[in-house]
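Inspection log for the structure reproduced underneath, given as structure tokens.
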Amino acid sequence: RIMRPDDANIAGNVHGGTILKMIEEAGAIISTRHCNSQAEEPCVAALARVERTDFLSPMCIGEVANVSAEITYTSRHSVEVQVNVMSENILTGAKKMTNKATLWYVPLSLKNVNKVLEVPPIQYARKEQEDEGKKRYEEQKLDRLETKQRNGDVILPVINPEPHTVGYSQSSLIHLVGPSDCTLLGFVHGGVTMKLMDEVAGIVAARHCKTNIVTASVDAINFHEKIKKGCVITVSGRMTFTSNKSMEIEVFVDADPFVDEPRERYRAVSAFFTYVSLSKEGKPLPVPQLLTETEDEKRRFEEGKGRYLQTKAKRQAQMQQAAQQ
């Protein structure tokens, strides 16, 4: 579909959340279609996880986004979907790859939202494809468990914070989940949640550097629990790490069920977003150094630095491998 002004920021760059929402919609369509191809019981595929995705180049107002999805692996109860996003300038015909993403879905019964159904298997062209897919499945399953175990943090307001501190840029958004946000089963679309998360992360990044900012990448997004219609969700974001030209922002979503639900508030989603600061010409700008004050902030900064260095090393290795080929 064509990118319109309400899809973009004031500089004309399409929001990362808009692209993530399109990616999730494509994944939900193909995985739901597949899971119902042989099922005796109708179901809807629910998003469980998005692997790290890089925003390879900005998309602008007036360009057309072409989103394609392919199922690459199935386990007994989950589906792996690879999604590619191409941007097309319809005036010149120029095309470029903007995103590659891997998503995991689970099929939930239309009759019972808490019942996970079995997934029809797919045929692999080579045995190696199945083995590689199984390895990815085991890795993401372990990472999801580790992420859920460290999800006890909360973001508290800070009185009169100093510029460039964590408290100065942190932000929260409160949203009442309505019917238009939800699937047929009455829980929130993963794409809706990711769009809100990107919006909050963008506010944090803009507050920190006071410039035009764009989403550079998103670390794995883990959907720990479903969010039902009628919940009030709080999307919170805080700066965790800055390098010379990038910012890492931790974002999590807490849900408050208050319509016919005795349950207490719970952590539903968590992720790390990375942003870069751009000039009016679209060139990367230096990012102000994050000032850490507490021991927890210093710990999170070092953890973010570790993720940054790991990603940088992986990218350099990929570039060297490509150059050798």
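One is the number of the first residue shown, and numbering goes on along the chain from there.
Every residue, even glycine, has its Cβ placed from backbone N, Cα and C.
What TrEMBL annotates here:
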DOMAIN    1-111  domain 'HotDog ACOT-type'
ACT_SITE  ASN9  active site
DOMAIN    167-281  domain 'HotDog ACOT-type'
ACT_SITE  ASP198  active site
REGION    294-325  region 'Disordered'
COMPBIAS  296-306  compositional bias 'Basic and acidic residues'
COMPBIAS  316-325  compositional bias 'Low complexity'
Residues in the domain 'HotDog ACOT-type' (167-281) grouped by DSSP into helix, strand and remaining coil: 26 helix, 54 strand, 35 coil
The compositional bias 'Basic and acidic residues' (296-306), counted residue by residue under DSSP: helix, strand, coil: 11 helix, 0 strand, 0 coil
Model confidence over the domain 'HotDog ACOT-type' (167-281), averaged pLDDT: 93
Residues of the region 'Disordered' (294-325) by DSSP state, where helix covers H, G and I: 30 helix, 0 strand, 2 coil
Largest tally of Cβ atoms lying within 10 Å of a Cβ, found at which of the active-site residues ASN9, ASP198: ASP198
